[in-house]
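Before I ask anything, here is the structure I am working with.
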Amino acid sequence: MDTMLKTQRLAEHTPGPFAQIVGNMPASYFGMVLGLAGLGNAWRGASLAWQLPEFIAEWIYVVAGAVWAVLVVLYILKAILAPAKLMEEAAHPVQCCFIGLAGVSTMLIAGGLVPHSQLGASIVFAIAFIFTLLFAVWRTGGLWKGERDHANTTAVLYLPTVAGSFVSATVVSALGYPDWGQFAFGAGLFSWLAIESVLLHRLLIGPTNPAPLRPTLGVQLAPAPVGAVAYIAISGGVPDIFAHALIGYGILQLLVMARLSRWIAQAGAVPGLWAFSFGATAIAAAPALLIAHGDHGAISILAPLLFVIANLVIAGLIVMTLSLLLSGKMFASPQSKEIRREVSAAGRQC
């Protein structure tokens, strides 16, 4: 009780603007780290495939690490100064899944550290993996209890198990344990296939997604190309039909997203658009990594185009984010409240 009172007093004496930033810091912002680290990985692949400067990839990882560090501090402070808001986020039917990104983003930072410090990368990865696994099990167990409204079924369901497993497979393979990565890849692959069937069923016969929820559809782009990157990591990079098939399905998702771009854009310029970043960068990284391992033919034609698209997507998202920061809109109000209202309204239409 005394601890809670002390925490409340600390929050009351925290400067207004800073308290607002801390309280309104959603876990979904860790998606920015996924996009930046994903671009760093794409540039690492490009440096191997086309001999582009290696330092560009490393500097991108530095930026990703800086953003990650700021977000981790803000989220820890949120847990200390605004625990009620954190609990509200954890109880939210959509926003809760983004909490898993804290672990996934940390594993990606560990992947960035691998060439520089094997020990440091291993420690960071171990901590992040444990968090990711525990959260995935906890969240999946909650979902299996049922009583979930169809309107709450969005692509963010992929994040705890699919994103967590595929990234685990990629990073643990980079650390020298591809055999362990194979187990993680299997967990991600079959979770993806199971969840995708449920998600497509909801998209086809459920109510249309309200505008604030539409950016979450960007997560739909990620499983196939992120899975391709993971598969390349655990298999040693040898080009084969399965890697090509995963990339091909990712390209199909990319084309569908382009078809829906105007509909999704009705949400406006919002940080949630970073949901597209991880898939967009992975679909550039996978072909580049295959070329670096001797692939040729169609992949050599597609890879440069996908690489350019990934860089343009991240550049656009960075410009948008800086604009939101400078205008004071980045931490203006908890987005989960608006999404909760829209989800409730959509649920009543079911």
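Glycine is treated like the rest: Cβ placed from N, Cα and C.
Heads up, here are the entries from TrEMBL:
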| type | residues | note |
| --- | --- | --- |
| TRANSMEM | 21-39 | transmembrane segment |
| TRANSMEM | 59-81 | transmembrane segment |
| TRANSMEM | 93-113 | transmembrane segment |
| TRANSMEM | 119-137 | transmembrane segment |
| TRANSMEM | 157-177 | transmembrane segment |
| TRANSMEM | 183-205 | transmembrane segment |
| TRANSMEM | 217-235 | transmembrane segment |
| TRANSMEM | 241-260 | transmembrane segment |
| TRANSMEM | 272-292 | transmembrane segment |
| TRANSMEM | 298-326 | transmembrane segment |
Please indicate, using numbers and ranges, the residues of the same chain that are 6 or more beyond the transmembrane segment (157-177) and have a C-beta under 8 Å from a C-beta there.
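Residues packing against the transmembrane segment (157-177) from afar: 34, 97-98, 100-101, 103-104, 107-108, 110-111, 114, 118, 121-122, 125, 129, 132-133, 135-136, 139-140, 143, 184-185, 187-189, 191-192, 195, 198-199, 219-220, 222-223, 226-227, 229-230, 233-234, 278.
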Apart from its near flanks, which chain residues at least 6 from the ends of the transmembrane segment (93-113) lie with a Cβ under 8 angstroms of it?
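Here the qualifying positions are 26-28, 30-31, 33-34, 37-38, 40-41, 61, 64-65, 68, 71-72, 75, 120-122, 124-125, 127-129, 131-132, 135-136, 139, 148-149, 152, 154, 156-157, 159-160, 163-164, 167-168, 170-171, 174, 213, 216, 335-336, 339, 343.
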Residues sitting near the transmembrane segment (217-235): Cβ under 8 Å, six or more positions beyond its termini, same chain?
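Contacts with the transmembrane segment (217-235): 41, 154-156, 158-159, 162-163, 165-167, 169-170, 173-174, 178, 181-182, 184-185, 188-189, 192, 196, 199, 209, 242-243, 246-247, 249-250, 253-254, 257, 260, 264, 272-280, 282-283, 285-286, 289-290, 293.
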Taking 59-81, 119-137, 183-205, 241-260, 298-326 as candidates, which has the most Cβ pairs under 8 Å with the transmembrane segment (272-292)?
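The stretch I would name here is 298-326.
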Can you tell me which recorded stretch out of 59-81, 119-137, 183-205, 298-326 has the most Cβ pairs within less than 8 Å of the transmembrane segment (241-260)?
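It is 298-326, which has the most Cβ pairs under 8 Å.
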Please indicate, using numbers and ranges, the residues of the same chain that are 6 or more beyond the transmembrane segment (59-81) and have a C-beta under 8 Å from a C-beta there.
7, 10-11, 14, 19, 21-23, 25, 27, 29-30, 32-33, 36-37, 39-40, 43, 102, 105-106, 108-109, 112
The transmembrane segment (119-137): which same-chain residues, six or more beyond its ends, come within Cβ distance under 8 Å?
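Residues packing against the transmembrane segment (119-137) from afar: 99-100, 102-104, 106-107, 109-111, 113, 160-161, 164-165, 167-168, 171-172, 174-175.
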With a Cβ cut-off under 8 Å, give me the same-chain residues at least six positions beyond the ends of the transmembrane segment (298-326) that come close to it.
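Sequence-distant neighbours of the transmembrane segment (298-326): 32, 35-36, 38-39, 42, 46, 49-50, 239, 244, 247, 251, 254, 269, 271, 273-274, 276-277, 280-281, 283-285, 287-288, 290-291.
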